[in-house]
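A.B. asks: This is the structure I want to talk about, given as structure tokens.
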């Protein structure tokens, strides 16, 4: 006999922008200011139920409950690192799981959110792609990741708030574009969480260069990061199969369009893999690729977090990383070696989720 899993069909109200919430309220016979009150309860007072919205009528609260849920996520696992990094595993209403990471930075609290359940991009070094994409994460489910992290501080009476967001968790954000854009507009709204656009970064592997061009016209000051990891097509294809359909020539044509349109800097993420992409010769190739664009470029060299399923890859040595960095600096490239977070927990993106799913399967076996 199999257990019936009841799946919640109501969407999370967190998935609506303020304008969408106002439109919904008016369509349901309410005044515009009622939607503004709901928005205030959600993001300024950060209530945990519609019933706590004390200046709304019982009839309106019933209507909200009929159409929406508030928080669709359930906390399953929390891992805390000695450096203050916290990794969360959340369960979605359909029993699927996603990861979220809180990082304490010198400039504030940064949260890394997940946009897809699994990933189909097929990067050969990444834990996220071990389990293929099941579905997109909705805008409400992405916002809920921020709200649950913020709840941790609110419940403890701590005067701290999430100040920065990086969309670099499991999945490819531009493969979930509509929900991504709603999420960004919700958290950036000055009347809500008010997370500054320049404090938000979206990362893409560039699998669809046209999406980078589309992003250039969204009229947001949000930062763009490119998961690059190699300066030539042959090497990049061996690491990231999406390069077959989106070679560097197409990718950089879109990036150049983006920078010309927005005049905003692009960050290039480059994971340092021992013996794969960390030689001085490859560093020079990277410098040659970035140099014509250096005014609006920044290279982020990232120490690799080993993944059990990808045993062929090892972290580049500190010496090789330093030599690579020196080549870039000698060529005038703006670059940094990224500070590590959560090295004493399941630090690699997707690692905690993969472990939990294996554990659940073992229990059922």
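Every residue, even glycine, has its Cβ placed from backbone N, Cα and C.
According to Swiss-Prot, the protein has these features:
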- 99: active site, proton acceptor (ACT_SITE)
- 105-344: domain 'Radical SAM core' (DOMAIN)
- 112-349: disulfide bond (DISULFID)
- 119, 123, 126: [4Fe-4S] cluster binding site (BINDING)
- 171, 172, 203, 227, 228, 229, 305: S-adenosyl-L-methionine binding site (BINDING)
- 349: active site, S-methylcysteine intermediate (ACT_SITE)
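Help me picture where these features are in the structure shown.
C.D. replies: Mapped onto three states, the DSSP output places residue 99 (active site, proton acceptor) in strand.
Mean pLDDT for the domain 'Radical SAM core' (105-344) in this predicted model: 95.
Its own atom aside, the Cβ of residue 126 ([4Fe-4S] cluster binding site) has 26 Cβ atoms within 10 angstroms in the protein chains shown.
Taking the Cβ of residue 227 (S-adenosyl-L-methionine binding site) as reference, residues of its chain lying under 8 Å away and at least six apart in sequence are, in sequence order, 123, 203, 204, 205, 206, 240, 269.
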A.B. asks: Taking the Cα of residue 126 ([4Fe-4S] cluster binding site) as the centre, which of the recorded positions listed as 99, 112, 171, 228, 305 lie within 10 Å of it?
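C.D. replies: Neighbours among recorded positions, in sequence order: 305.
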A.B. asks: Roughly how wide, in whole Å, is the group 171, 172, 203, 227, 228, 229, 305 that binds S-adenosyl-L-methionine, by largest Cα to Cα distance?
C.D. replies: 19
A.B. asks: Taking just the CA atoms, what is the gap between residue 229 (S-adenosyl-L-methionine binding site) and residue 112 (disulfide bond) in Å?
C.D. replies: 20
A.B. asks: When you rank 99, 112, 228, 305 by Cα distance to residue 119 ([4Fe-4S] cluster binding site), which of the recorded positions ends up on top as the closest?
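C.D. replies: Result: the closest of the recorded positions to residue 119 ([4Fe-4S] cluster binding site) is 99.
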A.B. asks: In whole Å, how far is residue 99 (active site, proton acceptor) from residue 228 (S-adenosyl-L-methionine binding site) when you measure between their Cα atoms?
C.D. replies: 23
